[in-house]
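Report on the following structure.
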Amino acid sequence: MKRILLFCSAGMSTSLLVTKMQNAAKAMEMDVSIDAFPEAEMASHLDDADVVLLGPQIRFALGRAKKLCSEKNIPVDVINSMDYGMMDGEKVLKTALKMMENQNREDHP
Amino acid sequence: MKKKENLLEEKIMPVADKIANNRYLIAIRDGFMLAMPLLIIGAISLLIEELPIPGYGDFMSGIFGKHWGDFFLVPYHASMAIMSIFVIIGISHSLTNHYKQDGLNTAVISLVSFFVLTPFVTNFTPEGSKAVYQVDSVIPMEWIGSKGLFVGMVSAILATEIMRFVSNKGWVIKMPEGVPPTVAKAFSALIPGTITIFSFGIIRLIFAYTPFGTIHNCIFNVLQLPLVSLGDSLGAVIIANFFIGLFWMFGIAGGDVVQSVMTPIWLALSADNLLAFGKGEALPHIITQQFNSIYLWLGGGGATLGLCLALLLVCKSQQCKRIGKLSILPGLFNINEPIIFGLPVVLNPILLIPFICTPLILAVITYCTMAAGLVPAPNGVIIPWTTPPIIGGFLVSGIRGAILQAVEIVISFLIYLPFIKAQDKKYCEQEKLYENNKE
């Protein structure tokens with residue numbers, strides 16, 4: 001099962017988006033686990049993650065996140081701010097899936 | 001306009017980046033995050049003991065006896081009143097993790113280092129006497145609560161740095177192969193730990209020769225007291241909140257960035273008030289953590305709950321209505337990202353003025369009503385920032401606090417109204433244009 005992790009300052013507003021993404025995943029009949037955590041706890045959650053997304057309000061943390069994630073070959077990016085604002089679960093889910101696909105291609109050329 | 005925004009963004013992003021990625025500020029933030037649930041539990045138990053309802057105390061003693069309050073006071077003394085200890089463990093643990101070293105070991109050494117600096121004596125005046133006696137063999141509650149916060153933060157960071165320095169130099173006892181790793185680990189902390197603790201012993205000795213006597217006296221009077229009094233002014237609140245608004249305008253979590261600097265000060269002010277509240281004395285400060293989170297950030301940064309209501313009640317465009325529906329429930333819990341990124345507020349020149357100004361106007365109003373005695377200052381009880389308005393106000397200032405919050409929601413609604421109407425009109429025109437093009 002693929003695991004998508006979302007991070008924002010307290011894991012509060014991203015957890016809103018998580019529910020929307022889970023609904024989108026259900027509609028697409030996909031088996032993924034999606035969770036949200038505070039950005040401060042990032043290091044301790046990365047072990048079984050397949051993709052990491054940051055809320056746009058903490059995009060300044062991207063550098064630190066990249067450092068942590070690159071050690072484990074996990075793709076990481078900031079969520080598009082309009083998708084985030086509209087809480088568009090489907091679009092964000094698709095972005096996450098695409099990021100995983102691209103990563104796989106890099107891992108197995 | 002676009003060019004100006006880019007220029008500002010280029011200037012503001014590095015600042016947010018520097019503050020938010022500074023390893024010491026991150027460690028301090030994490031330390032307070034570890035302590036936060038304990039502070040909330042401790043503060044709430046004190047609140048239960050002192051519930052702002054007339055006749056409540058007599059009622060409870062009638063049922064449970066004169067000492068009923070102890071049941072709730074003890075948890076307060078065991079958590080909030082010794083907050084420095086958790087903050088030290090949290091800061092040191094976070095900083096050590098950042099350096100990828102053994103966090104728990106270093107956290108314990110940091111705590112010991114702090115205790116090395118803390119005098120194990122306390123002053124005692126028996127009832128009815130004027131003589132002050134010094135009592136030995138106690139850990140003074142005075143210095144492990146909020147008064148010890150700054151020494152605690154300094155000790156945690158310094159001890160962690162010394163531990164790291166010594167370990168990196170390779171000054172550790174190395175065990176021959178074949179020794180169980182756990183045994184080896186226990187020995188490897190010995191030399192760095194000893195050097196760290198003895199270094200703190202030297203610091204203690206140096207301060208014993210100063211007029212202050214202890215580093216606690218020195219840092220509290222020279223650093224903590226002036227910083228905290230500076231934080232306890234309307235001017236400081238306005239500056240801090242101006243920056244929070246400015247950061248949010250660029251879509252950066254402004255509250256987080258600014259609080260990573262202000263939290264120790266605002267929390268120390270809260271703890272002061274809570275101490276007085278527990279003793280039934282007059283509250284010493286108006287500005288506290290809750291002054292900001294309860295009275296200025298109604299619905300989230302920018303006091304957007306009023307804006308949320310305007311979206312739902314007044315606006316006609318689909319965009320505004322959708323965001324209004326999407327954001328009202330999170331807004332009641334002071335979460336407003338849907339408004340900030342969806343409406344959007346970010347880089348929106350129309351909403352710039354009310355978004356930055358509303359919290360500042362609310363700050364002046366709240367400060368004045370409290371200074372005039374119309375509404376009690378926040379009692380220092382630390383409640384989660386997600387506590388819905390009205391309930392939050394009641395918990396920190398009683399029924400008059402709840403009323404003040406209700407009035408503030410109306411005021412923020414009125415401030416946002418002309419601006420959101422202009423925005424709504426723009427969206428309506430755009431939507432009409434889009435519809436026409438489709439046909």
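In case you wondered, yes, glycine gets a Cβ from its N, Cα and C as well.
Annotated in TrEMBL:
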- B:8-419: domain 'PTS EIIC type-3' (DOMAIN)
- B:31-48: transmembrane segment (TRANSMEM)
- B:68-91: transmembrane segment (TRANSMEM)
- B:103-124: transmembrane segment (TRANSMEM)
- B:144-166: transmembrane segment (TRANSMEM)
- B:187-207: transmembrane segment (TRANSMEM)
- B:227-250: transmembrane segment (TRANSMEM)
- B:257-275: transmembrane segment (TRANSMEM)
- B:295-315: transmembrane segment (TRANSMEM)
- B:350-374: transmembrane segment (TRANSMEM)
- B:394-417: transmembrane segment (TRANSMEM)
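Tertiary neighbourhood of the transmembrane segment (B:144-166): same-chain residues 24, 27-28, 31, 80-85, 87-89, 91-92, 95-96, 99, 101, 106, 109-110, 113-114, 117-118, 172, 191-193, 195-196, 199-200, 215-216, 219-220, 223-224, 227, 264, 267-268, 271-272, 275, selected by CB-CB distance under 8 Å and a gap of 6+ residues from either end. Mean pLDDT for the domain 'PTS EIIC type-3' (B:8-419) in this predicted model: 89. Spatially, the transmembrane segment (B:295-315) is not adjacent to the transmembrane segment (B:257-275); fewer than three Cβ-Cβ distances between them are under 8 Å for residues at least 6 apart in sequence.
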